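Quick notes on the structure that follows.
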Amino acid sequence: MKMKLAIAGTGYVGLVTGVTLSDVGHTVTCFDVDEQKIQILKQGTSPIFEPGLEEMIRKNTEEGRLSFTTKPKIAYEEAECIFIAVGTPEGQNGSANLQYVERAAIAIAKHAKNNPVVVIKSTVPVGTNEKIEKILYEYSGHHLNVVSNPEFLREGSAIVDTFSGDRIVIGASDKAAGDRVEAIYKPLKLPIVRTDIRSAEMIKYASNAFLATKISFINEIAILCEKTGANIIDVAKGMGMDKRIGEQFLRAGIGFGGSCFPKDTNALQKLALDYDYQFKILSSVTEVNHEQKKHLFHKAKQYFQDLNGKKVAILGLSFKPNTDDIREAPSLDLIQELLLEGAEITVYDPIAMENVKKIYGDRLQYASSVSECIEDKEIAFIVTEWKDIRDTSFATYRKLMREPMIIDGRNCYSLEEAAKEHVNYISIGRKPVFFKKFQ
Ligand SMILES: NC(=O)c1ccc[n+]([C@@H]2O[C@H](COP(=O)([O-])OP(=O)(O)OC[C@H]3O[C@@H](n4cnc5c(N)ncnc54)[C@H](O)[C@@H]3O)[C@@H](O)[C@H]2O)c1
């Protein structure tokens, strides 16, 4: 059954949702309050970097199923189902800031005329969907059904994740409203989990908190590997082959960033406190992550006590590869620490550089390739494992750096390679490899 849909918010989640649902045949109008974003989208360009997204925007716009507007009336008036996918950034005391969701709900209440189901895709604390139902009633004068449908896509593989996700969660108190949302997703042929509203809201936070816990756990094991002489790659492999544990999210690194894990772990802790409960595991997860983001910096300090005036390269700025998103990215923590030490920093990222330029301006140098970034530097930090960074050979570092000292936060190389190629190589959860100078 093809439906007329509207999406509130054309960020990573809203845009991908709107574009993919139009691709399976629904007619979708995407609404955003950001005029500039909508202008860019109307020209068939994507305001965010997401593999495959721009092509899909053009195709569905040309075929007449996808449109963009800044006018709420155009988006909401005739829609049968309206997805709210606006941001829920961290607010006071770690809680989720719900002002954008509430504003979206008020606009929907004022303009919707086709008795739509309102679907909340934004990540919101337990109880929010019920609050939104009340706001809709207050501003429209009649009852509109609200369905919780949290999103699990990952930036960098958002399109693939939408078409081949593990599950779609639909939490509804009204069966017919839940059925309507289920029908929208039917063409994707993915497993559907139907729950009550509060459980759906909790599934999202519990999933993100669990994944964040896995990351902080393996990062602490990596620290112990460094101290004891074990190798984290082998340890993670041996653990991950146990099906009860699973191999994913066992890659030690320099901590989690991005727009979700940091704020969602904080929001869940705040939610727990609101219910007079202290979520003890999660406070440790956050604390470990905070420390882990400084790991590369501490390593550099360990080997070069004085970083003042040191020429350093930072390779990779986005919080993970294949996205331009730098929200809470570990690169920002490293840049901050190095600036305070007086290091001379050159950065490179294939996509996210402009976003970093907006923050740091001319306090950093910007290189247009890995080679340009590392040339003549004393230390190269690998922060994000983009393909061109991963593919850079040790021979290139040897050729271009004064005396290669590579501090790799993503374990891109094997220790055998490093030893063979005569570089100084420090990674996460493994023994350092020294060619000379630091031996
Ligand atoms: N980014 C992810 O990987 C991801 C994954 C799963 C869930 N989520 C959740 O999805 C939600 C959206 O995240 P995002 O990363 O897409 O956010 P984003 O910041 O990229 O985009 C939010 C968009 O909403 C727009 N907006 C704000 N107020 C609006 C209003 N009243 N009406 C219409 N548009 C409005 C903004 O202009 C912006 O374009 C958040 O709750 C987030 O936690 C994000």
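Backbone N, Cα and C define each Cβ position, glycine as well.
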Of the candidates Arg198, Arg327, Arg363, Arg390, which one does TrEMBL list alongside Asp32, Lys37, Thr88, Thr123, Glu155, Lys263 as binding NAD(+)?
Arg327
Would you identify which residue of Lys204, Lys377, Lys387 TrEMBL lists as part of the substrate site it also attributes to Phe152, Leu153, Arg154, Glu155, Phe249, Leu250, Arg251, Ala252, Gly253, Gly257, Lys320?
Lys204
Check the binding-site residues Lys204, Leu250, Ala252, Gly257, Lys263, Arg327 for any whose Cβ is under 6 angstroms from an atom of ligand 1, and report them in sequence order.
none
Give me the Cα-Cα distance between Ala252 (substrate binding site) and Cys260 (active site, nucleophile), rounded to a whole Å.
19
Give the residue from the recorded positions Leu250, Ala252, Cys260 that has the most other Cβ atoms within 10 Å of its Cβ, counting over every protein chain displayed.
Ala252
Could you count the residues of the domain 'UDP-glucose/GDP-mannose dehydrogenase C-terminal' (313-415) that DSSP puts in helix, in strand and in coil?
40 helix, 18 strand, 45 coil
Restricting to the chain of Lys263 (NAD(+) binding site) and a gap of 6 or more, list residues whose Cβ falls under 8 Å of its Cβ, or answer none.
Thr88, Pro89, Glu90, Gly94, Ala96, Glu328
Taking just the CA atoms, what is the gap between Arg327 (NAD(+) binding site) and Cys260 (active site, nucleophile) in Å?
9
What average pLDDT is reported by the model for the domain 'UDP-glucose/GDP-mannose dehydrogenase C-terminal' (313-415)?
97
